[in-house]
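Novice: A single structure is presented below for examination.
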């Protein structure tokens with residue numbers, strides 16, 4: 001699609017900047033580390049989430065390793081196992097049921113793995129939805145067959161509404177991954193912010209990770225937390241975008257939410273990051289107001305703190321370079 005006044009077309013220059021409709025987008029100001037330090041400090045100041053200590057769970061690690069071994073390609077999946085374990089022992093450490101934590105971990109391994117084009121292309125992902133409807137894929141061995149069994153188990157661990165939502169979120173993620181792997185998404189219309197938000201929501205499986213916060217054993221009544229789900233979803237997306245920024249800049253990645261939002265809104269990268277911080281802080285306050293005091297609020301607060309630690313305690317995001325500290329798990 002050729003660029004006109006109605007389209008935003010992005011391509012890389014030799015200097016690593018981006019061209020938007022014939023104009024150079026505003027580059028990141030100053031060094032990446034300095035910017036990230038400032039952004040992360042501002043994020044912590046505005047969101048006001050505590051920083052509790054989290055520990056490894058050897059039993060969970062052993063159980064997950066045994067299951068992943070049956071999927072094949074264990075070595076290639078190892079980095080995704082590390083990230084998924086860290087997510088569970090931090091953001092979902094408040095969940096008492098061991099089997100629920102196992103399923104969250106396995107779900108996450110497959111979601112992250114399918115985000116890898118090498119893994120995605122090795123699976124029959126493009127026919128996933130149709131084969132799910134016909135019941136064929138449920139009997140297959142390997143990762144996609146395992147994924148269907150994980151999804152089937154969600155009704156054992158979450159209320160009907162939440163389990164339905166988790167299932168639908170997973171299907172939306174696979175659909176979005178197909179689009180990202182088959183379509184040139186570097187060309188955006190100049191007023192495409194709603195599409196950028198829509199795509200980000202699908203690829204982040206935000207509905208699933210929001211619903212994971214409130215398991216059925218403690219929260220059988222969805223009405224207790226349902227109105228908080230949209231802002232919890234926003235938190236899932238934006239915290240990841242803010243705290244993944246350093247990793248993505250190191251890798252030279254520009255096909256991501258921060259850059260795409262900056263392009264379609266005409267803002268600089270630092271301004272875009274600060275807007276996300278403000279929107280995240282507002283979302284946290286709304287969740288707190290909606291949930292009030294009690295167990296549902298406590299579950300969210302644990303998730304909010306743990307989800308930050310997912311990024312600061314994980315070598316995947318390289319944030320030790322920026323803010324110091326130690327990683328929870330370097331490898332398994």
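From the backbone N, Cα and C atoms, a Cβ is placed for every residue, glycine too.
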Novice: Scan 240-248, 249-257, 258-266, 267-275 against Swiss-Prot and say which stretch is down as motif 'NSE/DTE motif'.
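Specialist: Feature motif 'NSE/DTE motif' in Swiss-Prot: residues 240-248.
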Novice: Under Swiss-Prot, which of the candidate ranges 108-114, 115-121, 122-128, 129-135 is annotated motif 'DDXXXXD motif'?
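Specialist: Result: 115-121 is the stretch Swiss-Prot calls motif 'DDXXXXD motif'.
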Novice: Do any residues of this chain, six or more beyond the ends of the motif 'DDXXXXD motif' (115-121), have a C-beta under 8 angstroms from a C-beta of it, and if so which?
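Specialist: The answer is 73, 76, 80, 143, 177, 181, 203.
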Novice: What parts of the chain pack near the motif 'NSE/DTE motif' (240-248), using Cβ distances under 8 Å and only residues at least 6 beyond its ends?
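Specialist: That would be 32-33, 36, 39-40, 43, 200, 204, 256-258, 273, 276-277, 280, 308, 311-312, 316-319, 321-322.
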Novice: If you draw a 10 Å sphere around the Cβ of residue 244 (Mg(2+) 2 binding site), how many other Cβ atoms fall inside it, taking every protein chain shown into account?
Specialist: 19
Novice: Going by DSSP assignments with H, G and I as helix and E and B as strand, what are the residue counts for the motif 'NSE/DTE motif' (240-248)?
Specialist: 9 helix, 0 strand, 0 coil
Novice: Do you know offhand how many angstrom separate residue 180 (Mg(2+) 1 binding site) and residue 248 (Mg(2+) 2 binding site) by C-alpha?
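Specialist: The separation of the Cα atoms works out to 17 Å.
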